[in-house]
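**Student:** Annotation source TrEMBL lists transmembrane segment at 27-50, 62-80, 100-122, 134-155, 198-217, 238-262, 274-293. Feature annotation from TrEMBL assigns domain 'G-protein coupled receptors family 1 profile' to 43-291.
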Amino acid sequence: MGQENKTQTWMSEFVLLGLSSDWETQVFLFLLVLTMYLVTLVGNVLILLLIRLDSRLHNPMYFFLSVLSFVDLCYANSIAPQMLVHLLSAQKSIPFYNCVLQLYTSLALGGSEFFLLGAMAYDRYVAVCHPLHYTVIMHGELCLGLAAGCLVAGFTNSLMETIITFRLPLCHNVINHFACETLAVLRLACVDVSFNKVMVAISGFLVIMLPCSLVLFSYGRIVITILHIHSTQGRSKAFGTCASHLTVVCMCFGATIFTYLGPRSASSVEEEKMVALFYAVVAPMLNPLIYSLRNKEVMAALQKVLEKFRDKE
């Protein structure tokens, strides 16, 4: 009993090793992450405002995009601010319950994003393969239900994984990562973690492979439909409606599959940190850029808003 109390006191906080111990490297990373974080905030808030202000963007595709932007904002804010503080701090500690909350929210939001990408793939499938029935099939209640289901699935899966992770007895409190992440925390355990690894694998299958299967099915049907379109212009238009989403899907699913389902190696810890950095900071920044720069409707909405501001001046 005394040993348990001692362990509980010792684990009142964790120490994060971060990405580097070199001061100059940390300053460089601080400036880089700060820039990407600010672009993430501006880009995703702008997407949300444009969808809200322009009636031409009031359709299922942009509804899901607005939910995705909101999730990206929350995800970036769950990791980036603390990371920025730690990059300029000598003591990179995080309280125990803050670590639990960070792991839970990042897992929940990340999982929700994968399910959302699957729902968005289904939306594109209906738009391309059943264009005449698109508004009937993708009605408001269905869109709300799909979005809510994605969030519930992500947060439920995260709750299960967080509970079984932090129930383990831990040998020390030094996490070789820049954030509280499942695999990094599991390395602190002083007992066999085979069960946890199996649960992480099951979780990874549900969160990654199920949405990925829906994406593959949807785009398989989309490709078949596009190949049956005789005009080059028609094919280009059909593919153009999916290009942005397909780019984001390849980026997000590819990075996470590499992290959780790829082969383990001696350098896997550092590789995991690099991929986690990409997904936590880079991906939320790139998503609004991809959807805006490759989307004529979003660019037209942005131009319309800018013209309104010019007229007021």
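Note that the numbers count up from 1, one per residue, in the order the chain is shown.
Each Cβ is built from the backbone N, Cα and C atoms, and glycine gets one as well.
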**Student:** Under an 8 Å Cβ to Cβ limit, what residues of the same chain, 6 or more beyond the ends of the transmembrane segment (134-155), are close to it?
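**Tutor:** Contacts with the transmembrane segment (134-155): 60, 63-64, 67, 107-116, 118-119, 122-123, 126-127, 207.
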**Student:** Could you name the stretch, out of 27-50, 62-80, 100-122, 198-217, with the greatest number of CB pairs under 8 A to the transmembrane segment (274-293)?
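**Tutor:** Looking at each of 27-50, 62-80, 100-122, 198-217 in turn, the most contacts to the transmembrane segment (274-293) are made by 27-50.
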**Student:** If you average the pLDDT over the domain 'G-protein coupled receptors family 1 profile' (43-291), what number do you get?
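**Tutor:** Value for the domain 'G-protein coupled receptors family 1 profile' (43-291), mean pLDDT as a whole number: 87.
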